[in-house]
Amino acid sequence: MAKNLLIVESPAKAKTIEKILGEDFEVKSCYGHIRDLEKDDMGIDVNNNYHPRYMVPEDKEKVVKELKTLAKKSNEVWLASDEDREGESISWHLAEVLGLDPATTKRIVFHEITAPAIKKAVDTPRRINMDLVNAQQARRVLDRLVGFELSPVLWRKIGMQRSLSAGRVQSVAVRLIVEREREINQFTPESSYKVEALFAAKDINGKSVSFKADGPAKLNSQETAQQFLESCKGATYAVADVQVKPAKRTPAAPFTTSTLQQEASRKLGYGVAKTMLLAQKLYESGQITYMRTDSVNLSDTAMGDINNEINQSYGKQYYQSRRYKNKNESAQEAHEAIRPTYMNQHTVDDADTRRLYELIWKRTIASQMSDAEFEKTIAKISISTNKDQLTATGEVMKFDGFLKVYLEGKDEEDEEDTEGILPPLTVQQQLEFREMTATQKFTRPQPRYTEASLVKKLEELGIGRPSTYAPTISTIIKRNYVEKRDKEGVKRDVSILRLSKSGEVEKEVIQENTGAEKSKMFPTDLGMVVTDFLKQHFQKVMDYGFTARIEQEFDEIADGKLKWANMIDSFYKPFHSNIEVTLETAERAKGERELGIDAATGKKVIARMGRYGPMVQIGHADDEEKPRFAKLKSTQSIETISLDEAMELFKLPRNLGLFEGSEVTVNIGRFGPYAAHDKKFYSLNKEMDPYSVTLEEVAPMIEEKRKAKDERTIKVFEKEKIQVLRGPYGPYIKQGLRNYKLTKEQQEKAADLTIEEVKAIIEELKANPPKKVARKKKS
DNA sequence: CAGTGAGCGAGCTTCCGCTTGACTT
């Protein structure tokens, strides 16, 4: 008797479900989508109702073949892909490929992998929902049309590097980073003065302790700050009012993909790819639920386990059952929130995944814990010499609640986040004055995005899905549109006015570091030029609301109220004619910017995109004299480089003079600063600055490097361009860029090898490349 | 390995979303 075949998307789920369903079911996975659009002609018949042409990609042939065989042998096939647009489409593709009748094939869905949920699903099968499938086809076709028509426009109008790309998601992600960078570049900080007074009073043990009180509103100039401090000279201070208020804090919802990525970034410093890799490991070993989800929901079984765990570990008073609602409209909630499979497992053995696991465990537990309760004290302090009041605030925790386990991190560190404890204060109480300061504060621009805060923003805009956040970031980095790096800060002066006990106002200037960044997303010049080009010509697709708008139309298709080909048609007609107009009329985008005039020649200096990257240029191509060119340094940008910095770049190459009868020049090349001498190249040592290094320093370096190279060279066959060299593992053969290893016996007579022998060795090694030994895994 | 800086127009690149291995160091 043939069994039932049930197909899910993920192999880890298949295993669990097979255990739950027992012998009647064989559960297999299809590993996500099994078909995609052909690449030729976009895989879409644009002139025939956008009819899609699907094919099974090469890497899916094996699994499709296996499923076909199993389906034939089975009594009945059940399709159990995820319950969302993509999942419905996967079921439909499976039905098509396996030759199942969509009108009779059983389709089941569940949001959690628990026995009751699976059994209930099997008891209530439905059919494939073609409206939902059509909504997915519309999504797929639209993304293909946008991506495969926009990208070639970039190849034609920007050029630069091969593999330029544009798409509904990636181009908007780059735009966010580009616009944030410009906001920061254009930002002018405004300064104001913050008044803070230090007092002393006796605490409950009668010991004198100091505490801070804030001044009235921020003062916007040094003069007003000075005046305020002067007006407090010789004053006495008394408590005018004390208020005590209760306050509380509530825990955050369980993790989704996006919040897990954000929190792992803030608390563990992981990039989104690392977080997802570790989460995948935990998922595959059965320790957490599925890690690509937009749902904050917990299964009933999990809720019960969490209740038990909190009662046992912390006590009943720490438990508070909570249901979280998703704030995000675009969420499709095909899975649970990310949580540990077994709540009584507080940690895992594997050191790599432990920190992430513990973060997930804490967040999940905390989400069902009581509020943290505080008592907030606000004391007003009067000043005898003027009408203003100072305010001292203190916070005391009365009950820790969920804070016993976990506190969610913040993206921006607030400097004024430290509310301490106040000594007991009573109205009319006279306070001992220690000092009062007015410190200059500067407004700050929005911070640059981290990988995770970019994901957060994309999610808010409804752009991208849990499975694509990390890959999208890899793509825009790989395309060289953005880069993740650090930036050094700059020093700036901060004025502090201080009124001391003795009654004098003194001024002090200290320095602070500002604008330093660590592991942030910066746009490249290429990213800026591409973004400007796309914004100028394809405003609609680049709009932050574009995805949200078409999602509404996909929903209408899913509800059966709109035909998908009609929806695509009304998008594509104007889009495609826009493509044609742009190809015909748009100028090549160069991101050109005028920097000023070269004092020596009176010619214009411009910064722009060249064929090989960002560069500066003196003069014009039409001039009688050829223009001069120089490449920008990797830390410089077309948008921000100054004339002086540009002129500095033209100081290279420098001719240092003659050494052994030939000229020595220094320059910065593809691989960093180098010296050229007698047609050979020598990388400059780290401490050598190409702008100032002298012949006296370079000449000995050349001799040294030449000697080292001679010592490494055993034999040279000039004509064949083959060398026998001495490396750290003994003699080896080098031909062009490739190295060939010698056997022990060959190494011993390396100096006597003839050209015939060397050629034979190379032929042999090319025909039978030595097997690579896999490196041992770190344990 | 260390140049080039515009365009001959050969032949190449590209999207988003669903899933894991199969490769290499």
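Yeah, the Cβs are placed from backbone N, Cα and C, and that goes for glycine too.
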In TrEMBL, which of A:45-50, A:135-140, A:165-170, A:555-560 is labelled region 'Interaction with DNA'?
A:165-170
I need to check the long-range neighbours of the region 'Interaction with DNA' (A:165-170): which residues 6 or more away from its ends have a CB within less than 8 Å of a CB in the stretch?
142-143, 146-147, 150-151, 153-154, 458, 463-464, 468, 472, 475-476, 479, 481, 530, 534, 541, 546-547
DSSP three-state call for A:His33 (site 'Interaction with DNA'): helix, strand or coil?
coil
Nearest of the recorded positions (A:His33, A:Trp155, A:Tyr290, A:Arg292, A:Arg479) to A:Arg139 (site 'Interaction with DNA') - Cα to Cα:
A:His33
Which of the recorded positions A:His33, A:Trp155, A:Tyr290, A:Arg292 has its Cα nearest to the Cα of A:Asp143 (site 'Interaction with DNA')?
A:His33
Among A:His33, A:Arg140, A:Arg292, A:Arg479, which are recorded as recorded sites, the nearest neighbour of A:Trp155 (site 'Interaction with DNA') by Cα:
A:Arg479
Alpha-carbon spacing, A:Arg292 (site 'Interaction with DNA') to A:Arg479 (site 'Interaction with DNA'), which is rounded to whole Å:
25
Within the region 'Interaction with DNA' (A:165-170), how many residues are helix, strand or coil going by DSSP?
1 helix, 0 strand, 5 coil
When the pLDDT values for the domain 'Toprim' (A:3-113) are averaged, what is the result?
95
